[in-house]
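Asks: Here's a structure for you.
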Amino acid sequence: MSSDQMSEETAEQRTRTDQTAEQPLVRVEGLRKYFYEKDSLLDRLLGNEPVAVRAVDGLRFDVHPGETLGLVGESGCGKSTTGETLLHLQEPTEGVVEFQGENVYELEGADKNAFRRNAQVVFQDPFSSLDPRMTIGKTIQQPLDVHDVGTAEERREKVQELLERVGLSADQIDRYPHEFSGGQRQRIGIARALALEPEFVVLDEPTSALDVSVQAQVLNLLEDLQDDFGLTYLLISHDLSVIRHICDRVAVMYLGEIVEIGLVEEIFQNPTHPYTEALLASVPRASTDERDRERQTLSGDVPSPRDPPSGCRFRTRCPQVIPPDELDLDQPVYRDIMNLRELVERENISLELVSSHAEATDEGPLVDEAHIDEFVEDIKAAVLETALPPREEAVIDEALAHLATEDWDGAAEILKDRYESLCERESPSLGEGPHPAACHLYNE
Amino acid sequence: MSETILEIDDLSTQFFTSEGKVNAVHGFDLELERGEVFGIVGESGSGKSVTALSLMDLVESPGRITSGSVGYRNPSFAENMRTSYPDAVDGDLVDLRAIPEDARRSLRGTAFSMIFQDPESSFNPSLTVGEQIAEAVEVQQRATAMPRSGRAKTRGPEYSLGSYLMSMALPSKRYVTESSRARAIELLETVGIPDPAQRADEYPHEYSGGMLQRAMIAQALASEPDVLIADEPTTALDVTIQAQILDLLNELQAETGMTILLITHNLGVVARMCDRVGVMYAGEIVERGTLEDVFDDTVHPYTKGLLGSVPDLEGTADRLQAISGNVPSLLDHEMGDRCYFADRCPKAMDTCLEKPRSFDVDADGRHSVTCYLAEENYDPDRALEEGRFASEGAVSDVGGDSQ
Ligand code: SF4
Ligand code: SF4
């Protein structure tokens, strides 16, 4: 294909983009992807219930033609699974993905082929995603061969053109991957993804394996290619500065769900969801004021997607978790109490180590009646970080006294009665509008 | 200037490979002050990790430290060494390269501790976390009982076949002594592991990444080290967990007064943690100074390029200023005599065909740069032309981060 034809194609794509401005290119509705553990034949024979890992749990978003939508989140939030499921590289558990108005999961024959050509992916690892025994020319040409595009001559020409376009030189066509650096290999991966002139490219951590100086080259290249070919990107990344730099809109994910979505500037300048806020605050800035920048860090780890928290999934770490109306508590105190509840509910306090008044016996730790008060004080000292107001102290003392007889449920019950949060009872929904956030603080 | 604890002079480490001699670190100079956090920042292939391994005497074949001295200041250690190795001792300073290997290694896990990017690699999967920290505590206690002498037998946590079999037979609670167990639990608590007594009896695979990183820090602290070498300690972690670990390191440093040498590719982490910084490129420090010197009064074009490549979290820079080209080859016969950055440098001039030495930027000598721009201004008339070294063929990254 000559470069003239190439620019015609681009112009054509642009018009198409304009015409369908209101129509999303990709529409995702109710997308779920669960993986099942303990699902082997043996497990079934033993009667083990399969455990669902809820990697992606009910996503809804659109990708508009010509934009870059970012999916950001920490490991295990489901962002990469989302990309793969959306391209039908994985079977969805539930939900619909429409590409140009057609359900991707129901495509067959020629339509399915067209989708495969139109939607491409670039993976993170430029080292393992290229076949070491194939010349880079063959690697880039492979999709053209599979889809039987043009004559052999034309394909080779197209590959040379692509090499030049991604900043390599056409005469490198017969070289092997090991002769290239990481950044160059990622350019090769990009050339391959563009071979079939797709409209939509999923970029899955495209620069995570690269050094920052090389990352900058690749990000610049991706932006140029988007302009030249009118591409639509879904960029999956854990790196907030990359997202900020390259995306138009961003969806923030936590434990398989989108917690906030909107324009990049709005989300970075005015994050609404407490998780987004904490995530942004956590990134260390490369500037000399960084040492004095006050920031709140989140405590604890991300809970397991096998057994996500009830209600809002962020509530076990949320620094703004909502106390019951009738309580008048400072946020740090309430957060502290909620952490205590979590420990009690999971029976995660080693009583005999926390208090010298608890003695390990065969029936578990027992506390002498006379020492229950000291025992309760010991637990509070070990677990709580803030000072409690007297009224709450009384409630908590009463609850913790149950632990003297190892009555964890009794203790948990008392605490739940008084401190149960809206955030654990009800799951906040994402809502509508240009910048929705899934948090009870905003969805009244 | 406060007292130095480490004085590294002209350190070189080379790898002898089939393709030739690789200069992973060469002519490395650094003085670490007691109680500071010094950051070494660089990209893969810069030699930053090999530097760390060289300081810990952990370089493995085909690599070898080929020159230089590592002076460690410690009065009692100097006292112990003075009689047997008078040449190695200068006042309180002992040249660790001039004493025998076992004396040097006795410092590992006692005076020096190291934490890595990947905590899995420093824990034995078949022993509980508590046992392994208790073992590090024992190492420290034995070393204190038998002061750091040339005859010390302590070698850090290495596992014999016997102890491995024991651990299989008696899967948990194989603590050396009750007191080391108690200390291990205390250390786990110090690094913020909730319910440390229970977690001590769990195995490494039962820990999350962030928790295992904390446990590794606990293990490193067991020896009450003078110097903690932290090699990419947060690189494998999520950003909210990274923030926790950085805070933890800061607190521990303030409490114990230990000196931290922090090795990272992340300029944000450097900005958060470090008093002083050295920027490494092609095996040497090309710019060093206080954080402010290096970040705000940058002189070296590579440092500028690095800072310009980081996408700004707050900002709106339209285009990133990438550094063109790739990391240079570190093969001895390919390195040449010019400035190692010359083929990527936007300011390269004819002078740069000769390798620059390190110049002081200001009078107090704290800010120094290996670049002629410290002494003279850029003169476009003397610029080397574009693609100047292209005929020498494309250079690719040599090795990964470990090189
Ligand atoms: S719903 Fe509650 S727990 Fe969840 S983010 Fe909002 S305030 Fe926090
Ligand atoms: S010495 Fe010359 S080539 Fe090297 S960094 Fe300085 S200006 Fe650039």
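For all residues, glycine too, the Cβ spot is worked out from N, Cα and C.
As listed in TrEMBL for this protein:
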- A:1-10: compositional bias 'Acidic residues' (COMPBIAS)
- A:287-296: compositional bias 'Basic and acidic residues' (COMPBIAS)
- A:26-280: domain 'ABC transporter' (DOMAIN)
- A:1-23: region 'Disordered' (REGION)
- A:282-315: region 'Disordered' (REGION)
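Describe each of these features in terms of where it is and what it packs against.
Replies: Within the compositional bias 'Basic and acidic residues' (A:287-296), the DSSP-based counts of helix, strand and coil residues read 3 helix, 0 strand, 7 coil.
If you look at the region 'Disordered' (A:282-315), the same-chain residues 6 or more away from its ends with a CB under 8 A from one of its CBs are 37, 51-55, 57, 74, 76-78, 240-241, 254-257, 259, 273-275, 321, 338-339, 421-428, 438-440.
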Asks: Averaged over the whole of the domain 'ABC transporter' (A:26-280), what is the pLDDT?
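Replies: Overall, the domain 'ABC transporter' (A:26-280) comes to a mean pLDDT of 92.
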Asks: For the region 'Disordered' (A:282-315), DSSP counts of helix, strand and coil?
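Replies: Split into helix, strand and coil, the region 'Disordered' (A:282-315) gives 4 helix, 0 strand, 30 coil.
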